[in-house]
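Engineer: My questions will all concern the structure given below.
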Amino acid sequence: MKTDTPSLETPQAARLRRRQLIRQLLERDKTPLAILFMAAVVGTLVGLAAVAFDKGVAWLQNQRMGALVHTADNYPLLLTVAFLCSAVLAMFGYFLVRKYAPEAGGSGIPEIEGALEDQRPVRWWRVLPVKFFGGLGTLGGGMVLGREGPTVQIGGNIGRMVLDIFRLKGDEARHTLLATGAAAGLAAAFNAPLAGILFIIEEMRPQFRYTLISIKAVFIGVIMSTIMYRIFNHEVALIDVGKLSDAPLNTLWLYLILGIIFGIFGPIFNKWVLGMQDLLHRVHGGNITKWVLMGGAIGGLCGLLGFVAPATSGGGFNLIPIATAGNFSMGMLVFIFVARVITTLLCFSSGAPGGIFAPMLALGTVLGTAFGMVAVELFPQYHLEAGTFAIAGMGALLAASIRAPLTGIILVLEMTDNYQLILPMIITGLGATLLAQFTGGKPLYSAILARTLAKQEAEQLARSKAASASENT
């Protein structure tokens with residue numbers, strides 16, 4: 001009985017099959033692979049830029065404080081130098097923005113959101129230097145601003161720069177690299193890779209085009225930027241608050257109450273930001289000299305506060321562990337909270353190049369600590385720790401203001417390394433977000449973008465009317 005044996009492939013047929021396979025590989029569209037490779041390039045560059053920005057801000061702050069040491073024996077002179085050093089640095093930042101790249105003012109995150117919707121231009125050749133050096137001036141001067149705004153906008157513009165340099169074509173490549181740079185910027189600012197990914201998916205969900213290629217690119221960019229950050233910095237939590245105790249199940253209702261408080265305060269805070277923008281615009285009226293002088297006055301005030309009451313100035317990273325440890329009395333916490341609300345509104349609403357993430361994290365920490373101290377006194381049977389409410393409050397104001405609870409929760413967990421508090425943080429963040437949504441009002445970045453687009457439309461209409469008038473004459 002015969003059995004069929006498989007025929008062996010001839011050498012000629014094997015060569016032909018290999019040629020066909022190679023031809024198919026060569027003819028395949030390389031765009032997805034090119035995008036992923038460029039995402040790694042973008043993430044690397046963004047990480048290096050974020051590290052340089054962070055080191056530059058720290059160096060300027062050290063130089064500014066070092067200049068005050070030489071005048072320590074003369075108190076009036078000390079206050080004068082403290083005011084002038086911060087005022088000059090702030091004026092430098094305001095001047096760069098107003099003169100060369102107005103779109104580099106403020107956080108920059110709404111600009112990236114507008115660019116993802118094809119509603120705002122990305123002029124990386126002017127935004128990159130202005131945002132970098134302008135942000136060095138304002139943050140180095142001790143203003144109440146965060147570094148995440150500059151790094152996100154710098155990251156998005158680096159994504160567009162890489163796209164233009166390597167001449168990648170197509171909307172998918174442009175959109176993906178822009179989003180990748182923004183996510184990498186946030187991840188490098190806070191050493192929080194997962195928060196960077198969630199920031200794009202959650203905060204920029206109306207603008208982000210979710211595809212397999214785009215999300216892979218964001219992952220790759222965030223990984224590379226975080227690696228760059230950790231090469232030049234320690235691989236530890238950005239904010240050291242120690243390991244806090246867990247929250248017992250019978251105390252979780254207190255975190256819901258804390259979330260309700262933030263849900264009420266968040267929309268009010270957003271209205272204050274927009275109202276302060278209108279007020280300060282009436283002060284300078286669009287005049288560059290008045291605008292720079294106003295910025296110098298605000299920066300000088302922050303410089304004075306940084307010497308007289310350090311907890312009320314700066315981004316707030318130094319304040320968070322001190323407040324969480326319970327080193328402030330209730331009266332001092334109230335003073336710090338009120339003072340930082342005022343300085344945050346003045347600095348951010350004035351159009352200074354800088355973010356608002358870090359100041360809001362500090363505000364949430366202070367308010368959460370105050371709530372925790374009250375809870376400790378009212379419910380001694382629970383054996384509460386005020387620091388756990390501080391951690392829960394950190395992300396709650398962020399959740400209520402920009403309506404990104406997941407980003408706020410994961411960001412705080414990655415920054416503090418207290419993952420055991422994830423359940424109370426979810427409860428606080430969800431309560432804050434839901435109540436803020438029910439009370440109405442737009443998320444902060446969406447409201448700022450809407451204002452920017454309305455102003456852009458008005459300017460375009462005015463130019464078209466002027467052009468029509470000149471043609472008629």
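A Cβ is built for glycine as well, from the same backbone N, Cα and C atoms used for every other residue.
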Engineer: Is L21 annotated in Swiss-Prot on the same side of the membrane as M204?
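Structural biologist: Topology check (Swiss-Prot): L21 vs M204, same domain name.
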Engineer: Need one residue: from S86, S107, the one Swiss-Prot lists with I356, F357, Y445 for chloride.
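Structural biologist: According to Swiss-Prot, the candidate sharing the chloride site with I356, F357, Y445 is S107.
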Engineer: Is it true that the transmembrane segment (330-349) and the transmembrane segment (77-100) have 3 or more CB pairs under 8 Å, sequence gap of 6 or more?
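Structural biologist: Not in contact, no.
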Engineer: Below 8 Å between Cβ atoms, which of the listed ranges 77-100, 124-141, 288-309, 355-376, 422-438 makes the most pairs with the transmembrane segment (33-69)?
Structural biologist: 124-141
Engineer: Using DSSP, tally how many residues of the motif 'Selectivity filter part_1' (106-110) sit in helix, strand and coil.
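Structural biologist: Going through the motif 'Selectivity filter part_1' (106-110) residue by residue, I get 2 helix, 0 strand, 3 coil.
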Engineer: Specify the secondary structure state of E203 (site 'Mediates proton transfer from the protein to the inner aqueous phase') as given by DSSP, simplified to three classes.
Structural biologist: helix
Engineer: Cβ distance under 8 Å to E203 (site 'Mediates proton transfer from the protein to the inner aqueous phase'), same chain, sequence separation 6 or more: which residues?
Structural biologist: I109, I402, R403, A404, T407, Y445
